[in-house]
Each structure stands twice: as C-alpha cells, then as structure tokens.
Amino acid sequence: MALDKSVILLPLLVLVLLVLGCLGRESRAKKFQRQHMDSGSSPSSNSTYCNQMMKRRSMTHGRCKPVNTFVHEPLVDVQNVCFQEKVTCKNGQTNCFKSKSSMHITDCRLTNGSRYPNCAYRTSPKERHIIVACEGSPHVPVHFDASVEDST
C-alpha cells in the first residue's frame, strides 16, 4: 500500500518542483530589460554611473560582468528594432536586427585589474545604432548583440 502511494506521489512532487522552478525564472525578455534598459535617464558622463547600475541590476553577483550596454530610449522604441533591418548576429544566428536611427547608450567596461568583488567600470556615453537579437511572439529583444556607428 505504501509503495502504491509513493508511485503516485513521486511524479506529482516532480511536477510541482518543475512548475515552481519555471515560475521563479526570469524570462529572456525581462533579463534583457533588466540588463540593458535605462529609459528614465540620459547617457551619463558621471564616472560612477556604470559602477552603480551594474551593481543595482545584479550584474556583479558572484563575478564581474566584463561588458554591458545600457540603452536610454523608451522600451517601445527598442522593441521596434525587432521590425527593422535584419542583420546577422555576431554568433552567426539570423535573428538580429539593427536600429534605423542612432540611440543614446552607455557602454560599461570592466577596468583593467578590477576583480570581484570590487568590480569597477569605465563609463562611456555614446550615440550609436544598436543591434539586438529578437525572439517570441510578439517579437521582443532578448539579447544585446552590438552597437555600431552611423555608416554615413
């Protein structure tokens, strides 16, 4: 009798654990927003911007993320890039898109010699076209691939 109950309960327990694991996981679109969107501010020449933002956005937990870009445009404008010029991603995938116009961004690069837990970043405000990888339905950005200067 006890064996019968465990045969029923074990698959149920596995199912519950799988569902709970999925509920707590950040979607790729939400991760993109957390790591790359800063719509409420303009590019900052404040030298501590990247140090503050990288920490605030959980990119210095357990390691120092070497490079990151923040986009200072409305989310809808960045989402619309998914319907603009299709380009090949750096990794060879074909789901990347380049913005028609330049966008205000801030590049954050780990400074030489900086080591976890003391992550220190160089802040570089720029105006560039962005390239993002998009997925899903509706098509939304899930990866920041690159930024490029105006080709004109």
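Just so you know, glycine gets a Cβ as well, placed from its N, Cα and C.
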*In Swiss-Prot, Lys31, Arg34, Lys65, Pro66, Val67, Asn68, Thr69, Lys90 are given as binding substrate, so which of Arg25, Arg56, Arg109 is in that site too?*
Arg109
_Identify the disulfide partner of Cys50 as annotated in Swiss-Prot; candidates are Cys89, Cys96, Cys108._
Cys108
*Look at the disulfide annotations in Swiss-Prot and name the partner of Cys64 from this list: Cys119, Cys134.*
Cys119
*Tell me, from Cys96, Cys134, which cysteine Swiss-Prot puts in a disulphide with Cys89.*
Cys96
*Measure from the Cα of Thr69 (substrate binding site) to the Cα of every one of the recorded positions Cys108, Cys134, His143, then give the nearest.*
Cys108
*Hey, how far is Arg109 (substrate binding site) from Cys89 (disulfide bond), Cα to Cα, in Å?*
21
*Pull out the recorded positions from the set Lys31, Cys82, Cys119 whose C-alpha sits within 10 Å of the C-alpha of His143 (active site, proton donor).*
Lys31
